[in-house]
Amino acid sequence: MPKMFGTDGVRGLANRDLTARLALDLGDAAVRVLGDAGTQDDQPEGRRRALVGRDTRVSGDFLASALSAGMAAGGFDVIDAGIIPTPGIAFLTSVLNVEMGAVISASHNPMPDNGIKFFARGGFKLPDQKEDDIEAVLGQDWDRPTGAGVGRVSHDQTTATNLYIDHLVATIAPLNDDKTQPKPLKGLKIVADCANGATSVVAPEALRRAGADVIVINASPDGYNINKNAGSTHPEQLQAMVKATDAVMGVAFDGDADRCLAVDEDGNMINGDQIMGILARAKQREGKLNHDTLVVTVMSNLGLKLALKDMGIKTVETAVGDRYVLEEMLKGDYSLGGEQSGHVINREFATTGDGTLTALTLCNEVVKSGKSLKELAADFPQLPQTLINVPNVDKKAASTNKRIQDAVAREEELLGDTGRVLLRPSGTEPLVRVMAEAATQAYADEVCTRLAKIVAEELAL
């Protein structure tokens, strides 16, 4: 039986793969596994609590109701925070000291999909073992509470949202002694593309409270338009709007706002690698980049690593997935990490990738540095990169096939220090991703095409 939890929780087609019944069972199982982390005396009035939030997909309503029902039936009082970014639930799980948090979202996926991910006390995503434990007891009967032992479900989107926005603004603009709000972004004209998703209220409000002049697009969710030709996966509107309005930059979020990409004043995309480079150098300048190290994944561009090396900043690599980035950050006491896709974890303020926090911090660095985003990003040039997905192959054999490994070694020898290759099996599909970076796009294309051909020939199902 295939593993239910993927790299970011449980995902699938809502009402087909991810049903109300499954959401109910997941809530029930999560109570059994995560409820063991503490005793009922840990919480006010002896009741254990869970926090649930969601993005703007229409299926989020019935899935939230079912998930909450499973938790309440297991004896947890559930606070339904309504529509709120994923990192908002992580933050509130920590500050409200609830036993666990859960988010119903499929992030950047199309609207028909949805997903469920959990946070343990403290606001951290679950390790693989805890997800395995939940899966192991899924659907099993157990001695559930009765009578006064069952939980209640309450709804409080306003309080949850306001607490989260206050936190975000305070990361770059803590209140003055007289309780007035500083405006560090005053005069900064930016465009924010909210993907018609969970940060449609949060990001514009946080940026404006910090003083920015914000032009907002794709912030009218209707349940069906999340990520539709909008946000970080479709930045064309943002690029055009930045140029049309003479904004100094733009920021784009995905559906649950755990990632952020940016656009400079000319409409050029600034990816997660470049954003991490800019923020790492800023933290280094302020003495806040622990061990002068940035945590990245194997997908981060070699150009980033070479540029950081010249600045005296080391990089540590992990597998793809912000949960693995965080695990490495905690293990090595590192303060900043992330992914090329725009997940950036700033441990000073967050326990997971937070797109709105990234946008605020990036805007603040533009102001502090006195440079444009284009100028800042230019210090982190990206090597040309080619990625080819090779479908319908035995992905598990990629690392042991001799012809493939010999071909990889040969290409690496030819590239030397001017590029690299990477073969990465998909976590969810029978395919292998072949990536090559080189000094020119043409050479990256050549290398990637040669390797993809060999992978297809050797591993075809």
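In case you wondered, yes, glycine gets a Cβ from its N, Cα and C as well.
The annotation active site, phosphoserine intermediate is assigned in Swiss-Prot to Ser107. Per Swiss-Prot, Mg(2+) binding site is recorded for Ser107, Asp254, Asp256, Asp258, and the stated evidence type is sequence analysis. Summarising the annotation, Swiss-Prot assigns phosphoserine to Ser107 and lists sequence analysis as the type of evidence.
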With an 8 Å cut-off on Cβ-Cβ distance and a minimum sequence separation of at least 6, pull the same-chain contacts of Asp254 (Mg(2+) binding site), or say none.
Ser107, His108, Ala195, Gly197, Asn227, Gly231, Ser232, Thr233, Gly342, Gly355
Same-chain residues at least 6 apart in sequence with Cβ under 8 Å of the Cβ of Asp258 (Mg(2+) binding site), in sequence order, are Pro85, Thr86, Pro87, Ser107, Asp322, His343, Thr352, Gly353, Asp354, Gly355
Long-range same-chain neighbours of Asp256 (Mg(2+) binding site), Cβ under 8 Å, sequence gap at least 6?
Asp55, Pro85, Thr86, Val103, Ser105, Ser107, Gly197, Ala198
Taking the Cβ of Ser107 (active site, phosphoserine intermediate) as the centre, count every other Cβ atom within 10 Å, in any protein chain shown.
28
An 8 Å radius from the center of the Ser107, Asp254, Asp256, Asp258 Cβ atoms defines the neighbourhood of the Mg(2+) site; name the other residues of that chain inside it, in order.
Asp55, Pro85, Thr86, Ser105, His108, Gly197, Ala198, Phe253, Gly255, Ala257, Arg259, Gly355
